[in-house]
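Listed features, source Swiss-Prot:
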type: ACT_SITE; residues: Asp503; note: active site, nucleophile
type: BINDING; residues: Arg9, Tyr89, Asp143, Arg314; note: D-glucose 6-phosphate binding site
type: BINDING; residues: Gly25, Gly26, Arg276, Lys281, Leu379, Val380, Ala381, Lys382, Glu383; note: UDP-alpha-D-glucose binding site
type: BINDING; residues: Asp503, Asp505, Asp684; note: Mg(2+) binding site
type: BINDING; residues: Asp503, Tyr504, Asp505; note: alpha,alpha-trehalose 6-phosphate binding site
type: REGION; residues: 1-464; note: region 'Alpha,alpha-trehalose-phosphate synthase'
type: REGION; residues: 465-731; note: region 'Trehalose-6-phosphate phosphatase'
Amino acid sequence: MRLIVVSNRLPVTISPSGEIRESVGGLATAMKSFLGAVNGGRELGLEEVVWVGWSGVPSERESNDLRERLRGMGLEPVPLSSEEVEGFYEGFSNSTLWPLFHGFSEYATYEEKHWRAYRGVNEKYAKAVVALARPGDLVWIHDYHLMLAPAIVREAAEVGVGFFLHIPFPPAELLQLLPSEWRREILEGLLGSDLVGFHTYEYSANFSRSVVRFLGYKVEMGAIAVGHRRVRVGVFPIGIDFDRFYNSSQDPSVVEEMAKLREMLGRAKVVFSIDRLDYTKGVLRRVAAWERFLREHPEWRGRAVFVLVVVPSRTGVPMYEEMKRQIDREVGRINGELGELNWVPIVYLYRFIPSPTLMALYNIADVALITPLRDGMNLVAKEFVASKRDCRGVLILSELAGASKELAEALVINPNDVGGTAEAIAEALSMSEDEQCRRIRAMQERLRMRDVVRWGTDFIYSLISAKSAREEVEKALRYMEELSVDKLKSDFAKAKRRLLLLDYDGTLVPHYPYPHMAVPDGDLLELLSRLAALPETAVYVVSGRGRDFLDGWLGRLPVGLVAEHGFFLKHPGGEWKSLGKVDPSWRQYAKGIMEDFASNVPGSFVEVKEAGIAWHYRNADETIAEKAVVELIDALSNALAGSGLSILRGKKVVEVRPAGYTKGTAAKMLLDELSPDFVFVAGDDETDEGMFEVAPQSAYTVKVGPGPTLAKFRVGDYRGLRSLLEQLRPP
């Protein structure tokens, strides 16, 4: 098994003369540290690691010699022309996705030509992966540039596919700004993965909510049901090479840089920040907060200095050029108004700084001022904390950075609150050394445990697990397709204790326009009676119907009944018992929301049950209803959050009911109670998937009709299911 890493850029930089050098920072550094710690992946069972990406040289200038030298290093270049780079990278990736995913929708552009370029380049990357891949390999695709690639690879190669997003995933309301076709393809593209990873639970929840809202897929227990597959969604906060930064003050090259900086900055307290030039980083607000601090705390003038490092990015792009001019202007104004002959408030560097200088700044800085307006993680915050071997220093961190979820001991601020940030600077500079040490040590312990090696290892192991689970399902599906009715009859006849769990609507009878019309015919009543009369054979009808309906039509048969999706249970010949307690407090509120939707969707109606309330839309226009379903589920989810209720989406129905009671929980209880050695389960919609999930591996699970399922076997409709059951009953 090999690992194929896929990213926009290969982890190298090509000089004008064709020299190949390792890239510094970002994914390249993270993967180098991770793979170095696990012996190139061999400790994880990986035979080889291959990296697929663009070399950074336009294809019209990329020589065959360069491509061969890259391949000799385990790097597979994807050729991109200047035109493709412009449309794919500068266009859709950085002018549409980057601003939108960071919450700056006003900066996003929506150009058809950019979307076409994005699709075309994603296809190129996917084809390069497929050409390299061998059955059983793992493919790890990185970041927003390549969100369509997982689905393309999934269709063409027998591999495990993982995707990791390094930036925030936006709320559904922001994603909705994308044209619907683009939005759908992006979500479906990501769902081609076996595993989709994010930095934080917030981003993971945003993704899952978008999938439910825009695609209608079901999300349950950290996975999304896509056909017979379960796409796992996980949280994997990226870490750093902790020891490298913790021990940096012992590195001679860093020590030398520390001495130079101390000589230059004198005895002043050092507040420090470093960012790539970008509107998401909040540099101008940070500068404003520093000015506010100096004006409100003049005693710190001459005693503290702000070292502001801005690394050039997207040079030549008008917006970025204007941003730089604004920063230059503000820094110059503040230094001119507040500076002295022997002191400047802001030491401003607009350039790339080498690693020893950066580590020296981490070590000498008293305060790190990390205040992005939005950031997927922010490793600078982690690197600063890790570098504090002497246990002295204070981190001021934006609550809008993913790192704030892990670094709770930082002074967490809102970057839009200039006054609050100024006060945090004052607090940081005045904090006692004991308090600094308490906070730093707590954060360091967390960073040491959650380092970059754990990030990579957790993701790879989770991907292997997700891949194995999918392969088991596929294997079971292939196997069951070959089973004959004769084997079913043989297993049924040989069994000592049998259990049949049968859904009602759509499974034993057809779906009707209105629930009261779906009464059982004489043939069905006779079939159920004969099956239930067999020795050691328990037949249960497991339905979303209420007790009154099931009792009225099936109560005289020797069968068990489960009503309202597992909330009520009646054993053959027994009395009804409630498996939960009905709380009426929420019902009127939920009913009101459903009735609002029913009034807007002709042909739909609300059904009030004992435990739940259902909105049926079988008779409504499908186009109108399907759109309304997503909006209804969204409205109910928000309105009933934290209420202990669940929202079930069945076939042409949405139901609100108490959580924890499903067909699956009822089936599990019956399986545990009866201990059968033959199990037959049949159902036709999403609410029946819970029964399929808890059924033992030896069970015959039957999906009635089309659609994604966990069942191992399928029949066309209720008639096919009845025909199958007829094979089991005695003559």
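Cβ atoms are placed via backbone N, Cα and C, with glycine included.
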Secondary structure at Gly25 (UDP-alpha-D-glucose binding site) (DSSP, helix/strand/coil)?
coil
Including all protein chains displayed, how many Cβ atoms other than that of Leu379 (UDP-alpha-D-glucose binding site) lie within 10 Å of its Cβ?
21
Among Arg9, Arg276, Arg314, all listed as binding-site residues, which has the most CB atoms within 10 Å of its CB?
Arg9
From recorded positions Arg9, Asp143, Asp503, Asp505, the one whose Cα lies nearest Ala381 (UDP-alpha-D-glucose binding site):
Asp143
Give the sequence-ordered set of same-chain residues, not counting Asp503, Tyr504, Asp505, with Cβ within 8 Å of the centre of the Cβ atoms defining the alpha,alpha-trehalose 6-phosphate site.
Leu502, Gly506, Thr507, Leu508, Val509, Val541, Val542, Ser543, Gly544, Arg545, Gly683, Asp684
Looking at the binding-site residues listed here (Asp143, Arg276, Arg314, Leu379), whose Cα lies nearest to that of Asp503 (active site, nucleophile)?
Asp143
Measure from the CA atom of Asp143 (D-glucose 6-phosphate binding site) to the CA atom of Glu383 (UDP-alpha-D-glucose binding site) and give the result in Å, rounded to a whole number.
22
I need the least crowded one of these binding-site residues (Glu383, Asp684), counting other C-beta atoms within 10 angstroms of each C-beta.
Glu383
Counting Cβ neighbours within 10 Å across all chains shown, tell me which of the binding-site residues Tyr89, Tyr504 comes out on top.
Tyr504
Neighbour-count leader, CB within 10 A, recorded positions: Asp143, Asp503, Asp505:
Asp503
Could you tell me the mean pLDDT over the region 'Trehalose-6-phosphate phosphatase' (465-731), as a whole number?
89
Give the maximum pairwise CA distance in Å, whole number, for the residues Arg9, Tyr89, Asp143, Arg314 listed as binding D-glucose 6-phosphate.
18
What count of other C-beta atoms do you get within 10 angstroms of the C-beta of Gly25 (UDP-alpha-D-glucose binding site), across all chains shown?
13
DSSP state at Arg276 (UDP-alpha-D-glucose binding site), helix/strand/coil:
strand
Using only the residues recorded as binding UDP-alpha-D-glucose (Gly25, Gly26, Arg276, Lys281, Leu379, Val380, Ala381, Lys382, Glu383), report the maximum Cα-Cα distance in Å, whole number please.
17
